[in-house]
Structure formats: C-alpha cells, structure tokens
Amino acid sequence: MRRRRYLRDRAEAAAAAAAGGGEGLQRSRDWLYESYYCMSQQHPLIVFLLLIVMGACLALLAVFFALGLEVEDHVAFLITVPTALAIFFAIFILVCIESVFKKLLRVFSLVIWICLVAMGYLFMCFGGTVSAWDQVSFFLFIIFVVYTMLPFNMRDAIIASILTSSSHTIVLSVYLSATPGAKEHLFWQILANVIIFICGNLAGAYHKHLMELALQQTYRDTCNCIKSRIKLEFEKRQQERLLLSLLPAHIAMEMKAEIIQRLQGPKAGQMENTNNFHNLYVKRHTNVSILYADIVGFTRLASDCSPGELVHMLNELFGKFDQIAKENECMRIKILGDCYYCVSGLPISLPNHAKNCVKMGLDMCEAIKKVRDATGVDINMRVGVHSGNVLCGVIGLQKWQYDVWSHDVTLANHMEAGGVPGRVHISSVTLEHLNGAYKVEEGDGEIRDPYLKQHLVKTYFVINPKGERRSPQHLFRPRHTLDGAKMRASVRMTRYLESWGAAKPFAHLHHRDSMTTENGKISTTDVPMGQHNFQNRTLRTKSQKKRFEEELNERMIQAIDGINAQKQWLKSEDIQRISLLFYNKNIEKEYRATALPAFKYYVTCACLIFLCIFIVQILVLPKTSILGFSFGAAFLSLIFILFVCFAGQLLQCSKKASTSLMWLLKSSGIIANRPWPRISLTIVTTAIILTMAVFNMFFLSNSEETTLPTANTSNANVSVPDNQASILHARNLFFLPYFIYSCILGLISCSVFLRVNYELKMLIMMVALVGYNTILLHTHAHVLDAYSQVLFQRPGIWKDLKTMGSVSLSIFFITLLVLGRQSEYYCRLDFLWKNKFKKEREEIETMENLNRVLLENVLPAHVAEHFLARSLKNEELYHQSYDCVCVMFASIPDFKEFYTESDVNKEGLECLRLLNEIIADFDDLLSKPKFSGVEKIKTIGSTYMAATGLSAIPSQEHAQEPERQYMHIGTMVEFAYALVGKLDAINKHSFNDFKLRVGINHGPVIAGVIGAQKPQYDIWGNTVNVASRMDSTGVLDKIQVTEETSLILQTLGYTCTCRGIINVKGKGDLKTYFVNTEMSRSLSQSNLAS
C-alpha cells in the first residue's frame, strides 16, 4: 500500500505536469518509464547482486576455514570479508524497503561500488606479493556488474567503470614500477589487463544497452497492451450503449452474440446454423398495454418549417415523450412521421400497465396543451390505448427497429385513429385493467372508425383529473406569444421547445463522464473509437488528453505495483517459476519460433570477445606455432559464421550479386527466422571461444613445467625465499592467471546471446565451468600450486591461483546465470504482452466492426460518420435537405389476412417467421453493388420503405447532368422489380400467393435523426406522404408512380401506362401511372451507367 500511495502521489504530480502541455506529458511518460525500469530491472538486480556478493563472502570464509589457513597470517582478509558482509547485509535490508530504495537509489549504488573497489584493493595489498595480474578478475567483476546490475545510467556506469579499470591499471603500474625485481614482462601484463578491462567495458555496455532497449520495448508493449485494454473496454461499453439505444436489453444481447459470430467467421469455432430460416428475434408477451399517439395539425405546421426547425421540433417533442414514457414505465417502440407509439409491460410484466399508458397519454396531451397555450400554434394530441397481447422483437437483417405485432396492436392503432384531439381514447379491455383508477365517459369510437365498428369495440374517453383546474397558462397567455403573433408558427414552436432541452441523438457517443465508475472500474468513454476511416482520429480536447493520460498512468501504476524482486520467482498464471516455460504449449512453441534478426549482432559481440582473448594471449603467452595455428583456425571458423550471418545484408548492398551466392542470402534468412540453425551456431561459436580460452594451456613446453618445483617436492625446498632459480622460473609463467581471465571472458561471451534459449546458455556455461574447474583443480593443479607457492610464502585465497580461479569462475557463472534468467524472463514477458496485445487488437477490431454494423444498421454510412467524427462542440441535430430523393413504399396487403393468432401458429409467431424471411430476403438485395445507393428507411408492419438519392452530397446534385441526376430513380424501380422477384421465390417455397404493391414518388425531402433513446433516422416531406399514398391506393403486382415520376422514368427508358385520375387522401385528385413490368427499356441507361 505504501508503494501504491507513493506511486499515486507521483502520478498526481505527473498529471499536474501533463496539464502544462506536450512537455508535461513527456515528463509524465518519462517518470512512468523510470518507475517501470526501477521496479522491473534495477531493484531485482541490485537485490541479486547483494545476494551474490554476500554469498561470495560466505563462500570465501568457508573456503578459508576449509583450507585450514592460519588466522595470524590472514588477519586483513578476516577483517575485510566479515566487514564487507555486514555492510552489504545492512544495504540489503534497506534495499528491501522499496520506499527507502527509491529515495536512496544513487546512494546505494555508489556505496556498493565503493565497497567493492575497496575490497579489491584490500585483497591486492594484503596477502602477499603484489603482481601485475593481481585482482584483475575481481575488478573485471566490478566493471561488469556496474553496467549490468547496479542501477547506474549509461553515463554513470561508463564513468564508474573507467575509474575502476584505470585506477587498477595506474596503481599497479606505479607500484610495480617502483618495486625492485624483474620488469621485462610488466608492460605486456599491464597491456593485457587493459585489454581485459576494455573487453569487460564493451561487454557490459553492450549488455546494458540491449537490456535497456529490450525493457523499453517491453514498456512500450505494456503501454500498448494497456491502451488496447482501455480501448477494448471502451468499445464494449460503446457497443452496449449503441445496442441498448436501438434495442431493449432482453433481445440486444442475443443479437449481439450472432453479430460477433458472423464477424469472426468460421474461425470462431461455433457451429454453423443448419436451419434454412434466418434467426427470429421475436417473443410473445401477454398482458401489456399499447399506446398510439398522433400530433394533430403537425403536417400543416411542418409544411412551413425549414429542415432544421422540423428536425428540432420533432426531436424536442419526441424527446419529451420519451421522458414521459420513462416516468410512466412505458417503452417507446417506434416513431412513424408524427405518430408515436409505446407499450407498457415490456420486457418485464407490470400489473399497472394500463394505468401507465393512460397516465402517459394524459401527460402527452398536457404537454401539447402547454405548447399550444404558450405559442398559439393550433396543434393537439390524439391518443388511443388498448390492452392485450403482443409479439415484440426485430425482423430483417438491416436497419433494425424494435417493433410489436398482433391484432391488439392493430386495434390500438385504430383506437388512435378513431379518437378525438386532446383526449385519451381507451378500449373496454383497458378500462377493465384500470380498476376504477380514472373516470371515463362514452367514446363512440365505432362512429369515427369503421374497423372499430366492424369488430364491435366499445370505447371510452378518459376524463383528465386535471381538467377541472384550468392552468394559469390557459388563463393568461404569455406576452411573448402575443408579441410574436407576426412570427411564423414554426419559429414560435422552435423557440418554445428549446426550453425543454431534450437530449441529442447519440449524445452518449461523446458523453464525458468521470473516468472512474461507481464500482471502481475505470470508465473509458473518452477514448477515440476505432481504426476505421471514419474512426481514425485523435483525442479532441485537452481535457480528454488529460483524462486519458491519467487513466494510462493509473493502469501503469497498477502494472508497476505488481512488479517486485520476487515476482518472477512466484507462481504466475502464464510462466513457470523455475523453468520460465509458458504453461501454454502453443505460446511456448510460438516463442521458440520467433524470428531473431539481432542474432548476427550477438555473434559479432562474441567474436569481439574472442578477439580480446586472442590479443591477451598473444601479449603474454610464449609465441609458439600451436598458438598461431589454433587461433588461426578459430578465426577462420568464426569469420565464416559471421559472414553467413551478415550475408543477407552484404548481398542486398551489392548490386552485382551472383545468383550462385543466393544460397548465402537464404542461409542468413534461415538463421534469423528459425531456431535450430541459431542454436547450432550458438553452440559452435561459444564452443570455439570457450575452448580457445584454455586450449594452449595444454601445450606448455616440458622445460617450463619441469623446472618448477612440483607438489611432491619438500616444503623446505619450495618455501625458501632465496631460491632465485625457482622464482625466476615462476615469473616466466606469469601468463598462467591470464588463462583464467580468458575463461571468464569465454563465459561472458555466452551471455551476449541474450534472446537465445536460456537453458541452452545455462547448459553451455555449466559444461564450461565443470571443464575449467577440472583443469584448474585436477589436470593442471600442480602447475598452479607450484606457481603460487613459489611466488608467495603463504598465499591467501585471492593470491592462490587455483582457489582464485575456481571462486572467480563460480561467481561469474552465478552472476551470468542470474542476468541470463532476468533477460529471459523479460523477453518472455515482452512476448506475452505482444501476444495479449495482438489478441486484444483482434477483439477490438471485432468490437469496432460490431459498433460499425450497429450504427450503420440504424443510420446511413455518411450519417454514422457525422456522429462519430463530429467535435464535442458540435452538438447540433443532424438534418439535411435534399432536392431530389426517390421514395418507395412496398407493401404486402395479403399478409394482414394471412396473419392469424392460434395455437397452431404459436399465436402468430410462425406468421412473423415468414414475414422475417421476406424482409430478410429483401434486405439481402441491399448488399448487391447495383443497389448500393438504396437506403432502407424502415418497415411498417408488412410494408417496406426505402429511398435513393440520400447518399449524394446535396450541393453536387445540381452539378450533375440531368440524366445522371435522375438515375437513382431508375435504380429504385430496378429494386422494386427485384423485390417482386424475391417475393415470387418465397411464394414457391412457402406455397403462398403473396403479391407486392409498390408506390414510388420523387421530390424534395428532409432527412434527420431524432430521439435520444432509440435514435431513428427518418425522412419527412410531401414527397414521402405522396409515395405512401401511391402504395395505399395502388394495385397488387403493380408499381404506381406520380405523373412527374413517370416522365423521368420514360426519359430513362422505362414505359409507363396511365392509370387515370384517382382521389388521394389529403392531396385531392392526382393523375398516376403504372410502370410496365415487362421492363422494356432502351439501351440508353446502360450506356449512361457504363
């Protein structure tokens, strides 16, 4: 908790800095990376280093007492090692307190480095004669861990390492130059030391650089994965909001599952639907009440409105009705022009459903009355309510709209049509459910509606309880109404309705709520949506950027909070704690097969270490033919391996590469992309370097070995200090320690293969350690013992070559093992993050596609783009005026007779299944390229409404040639023909004889989106009304059009037959035409289309 509090405090400071702009954001990201680096690398590595150093101190003490050395002769050693152990243990305790570690990071690094350097000088100065090779391995260890394990940055690590190596070189050079004795090899030894230190610096810097690059990549992948999760959560939230804004929850999730299955395709693994029918998302509900309401006088008012005023008025009115519906536990079903209908008792049955609908109707009448009183506009509300059973759900494949069907729904519609403006007209069934809650009076609906008379429906008017109290608005008309009498009625309406403040359609797409929800989860409503052409955009405001940064910081803090020094040793859901293998075998196989383009650089670094070993041995070893031949053969082998690895790049750079050398290009590609060639080359490369580190040790001349006193010689002979001959011979074998240093460099060469299998490197180093210890402690032990005993009277542990070599190799082996494991763990972690990121991106794409399908299922694509791409400041309602749109109504009148409710057809469900098939087949036509310009608007019962000409930019309509300007009208006629063909095919399979009746008209329309809850795209205007009348007054199996439309069709090559003058409700007498179904057209249209 302390660490989390600390991280959160830092996050708040970073967020405050982020508010300052781009520089602040960069500081915030830098701080997050530093925290991530600190907890994932610096903290665990410094802990491991302290453990290694403390373990080494304990091992030295154990070896000291195991060898039975005299305490009096090694007082300095016994003081130095326990003191260092105590200091390192104290630092270890403090480092384990993470808050202290974070604050004193640099101090701990400096103290550890100083302690190690001090230990090296103490070992050098106390314990016997100082030699040119003294403590080179220990100082090499310091140099290497300064880069790889101490939490220094690269600059500080270079400075500390240079100080370490140069101080050792300078001290030894000055001290030995002033000491009497043989100095003929001093220069070469010091130069060899310098080469060893340079190699240690290069290997350490290389290791640090690659590890930092790998960690930066892991950090980026972590951030990307977290961002993708944020985005995925957002997409899921977004699609749920979209889906629930279109459909009720009880049916939305079922449809969502099918869409996802369809988007994912066969790979998702679900069984394909073997049913010949489309899925039907319709359910039966009993005991519900249906309300139909129509705004009387709105058609006349709308004729004087501008597009913006019309859409604004409808949105405000229906937004108010939605609010009233919510208050009265009603669900709005659909908006049909200026008609509004809803149901109470869905999806959960409600005992007060009739009371809810009646109260809803009274509230609607009251709302309209307030509008009429406030504006003086003559509009009113006619409401009809009936109670019964319904089938509710969604039919078709596109432009889903939740709807209800049943005889009771039809009756409710006629209750509205047979009602009176300003009154709520109810049936006797609804009256029974009211249980006396309202006073009623005779409705006499059968007088005004023949359907009610035919079905002997007894109707009533509900008496409004508020009717006896006249509102103040009725008594005193507002001043602005009287003053504004000269204003157009639409202007007065618009100004008044603005005070209602109805929510805008799809406002939730850009809803700016808090980043954290009540359950503690982080909200993601401000993350940009998607990667599609209309979704690929940046965060739009500074506040959004700030919130997104805060959320990302919070998630990163959670990730960092879960990282500690012991995490990789504890149980993980993905990675085994000992072997570091993935539990998932497929992921393990995929990780092993990962391409490794950097492998050639690993080989290059290993070859540079080999070069350093060669230079060191050339400087100090006797120049023999075996030395030359052995290193020459090794050089040729490594150069060949290096050439094969770089062959691809070399041949790509060369313009005149021979085709015979293409196998080299393929070979380098195989090495980079396949694991087994890499493993083979790793084994060969490291085997050559490790072997050459000690190879020439087996070819020491006999004279160099026999002139030395052996272990069998009496102690008296070997311990005489004035044995000048023995000392002279011993000094001639000054190169022996450099074999040990070469072995250490050989082990380091194994560690440079960072991304190669950890277990392979461990096995190679283990084999090398066993082999080296066998040489040092067995095969060549007598040479090393004799050398040490001749050079030193009572050699200490760090002066005795055999002990020093074995301990040094073991310490380096453990250090490299820890580094290798750490590297492997984070490489695997990085791969895991990438793998999760990839999967989450695929899931995000599915969610984005789902959102797109959902939104384009209710809106045309260009309208969906408007809502997704708009700026937050653009809160205007969407509306668009078009001069030439072709509108079609295609109905199946016979379906009303076909629809029956009985036990045989599951109370009408099977009838709706057939209607679903018909509408779905009609919708299938929309996916054909030639009908891409056809926009389905809605279905009304068994009537299919569509339009063309809505996709064109209105400003471009007049710029087109007349023929092209009206081509979409021809497309609509073609679509009507296709509908007839589809219906004929269904008739053959279902043994029915349904006929299509089509009405088409063209002209100006207003398009817009209204309704915050269940937003709906619709078109309005006289063109739409006339098209509807062309259908309702039409003839089965005929396409009826107006005279103006017939003239356009004839110019496009269609033939039309005059029907004559017919009376159209609300329009008077109109001359109409039938489009000939023989489709006798000239070739002119096909030429235009081409």
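We count from 1, first residue shown onward.
Glycine is no exception: its Cβ is also placed from the backbone N, Cα and C atoms.
Remember, it's a predicted structure, so these values are computed and weren't measured experimentally.
Summary of the site annotation: Swiss-Prot records Mg(2+) 2 binding at Asp294, Ile295. Screening the candidates Asp322, Asp338, Asp363 against this entry identifies Asp338 as the one listed for that site. Candidates Asn287, Asn712 were compared with Swiss-Prot; the annotation N-linked glycosylation site appears at Asn712. Ser490 is the residue among Ser167, Ser490, Ser951 that Swiss-Prot describes as phosphoserine. For the residues Ser514, Ser523, Ser543, Swiss-Prot attaches the annotation phosphoserine to Ser543, which does not rule out the feature elsewhere. Swiss-Prot records N-linked glycosylation site for one of Asn536, Asn717, namely Asn717. If one looks beyond the transmembrane segment (107-127) by at least 6 residues along the same chain, the residues whose Cβ comes under 8 Å of a Cβ in the stretch are 46, 49-50, 53, 74, 76-77, 80, 84, 87-88, 91, 94-95, 101, 134-135, 138-139, 141-142, 145-146, 150-152, 156, 160, 164, 167-168, 171, 792, 795-796, 798-799. Under the DSSP three-state reduction, Asp338 (Mg(2+) 2 binding site) is assigned to coil, being neither helix nor strand. Remote same-chain residues near the transmembrane segment (626-646) are listed as 599-600, 603-604, 606-607, 610, 614, 617-618, 664, 667-668, 671, 681, 684-685, 688-689, 691-692, 695-696, 699 (criterion: CB distance under 8 Å, separation of at least six residues from the stretch ends). A sphere of 10 angstroms centred on the C-beta of Ile295 (Mg(2+) 2 binding site) encloses 25 other C-beta atoms. Scored by C-beta pairs under 8 angstroms, the transmembrane segment (45-65) has its highest count with 800-820, from the stretches 132-152, 734-754, 800-820. When Cβ-Cβ distances below 8 Å are used as the criterion, the transmembrane segment (132-152) is approached by residues 38, 41-43, 45-46, 48-49, 105-106, 108-109, 112-113, 116-117, 119-121, 123-124, 160-161, 164-165, 168, 172, 176, 185-186, 189-190, 193, 196-197, 200-201, 203-205, 207-208, 211, 734, 737-738, 740-741, 744, 748, 798-799, 804-805, 808, 811-812, 815, 819 of the same chain, each at least six residues removed from its ends. The stretch from 75-95, 186-206, 679-699, 763-783, 800-820 that makes the most Cβ contacts under 8 Å with the transmembrane segment (601-621) is 186-206.
The transmembrane segment (679-699) is not in contact with the transmembrane segment (800-820), judged by fewer than 3 CB-CB distances under 8 Å for residue pairs 6 or more apart in sequence.
Long-range neighbours of Asp294 (Mg(2+) 2 binding site) (same chain, six or more residues apart, CB within less than 8 Å of its CB): Asp338, Cys339, Tyr340, Met381, Arg382, Glu416, Ala417. Report note: the Mg(2+) 2 site is defined by Asp294, Ile295, Asp338, and the residues of the same chain whose CB lies within 8 Å of the CB centroid of those residues, excluding them, are Ala293, Val296, Phe298, Thr299, Gly337, Cys339, Tyr340, Met381, Arg382. When the stretches 75-95, 734-754, 763-783, 800-820 are ranked by Cβ pairs under 8 Å to the transmembrane segment (186-206), first place goes to 734-754.
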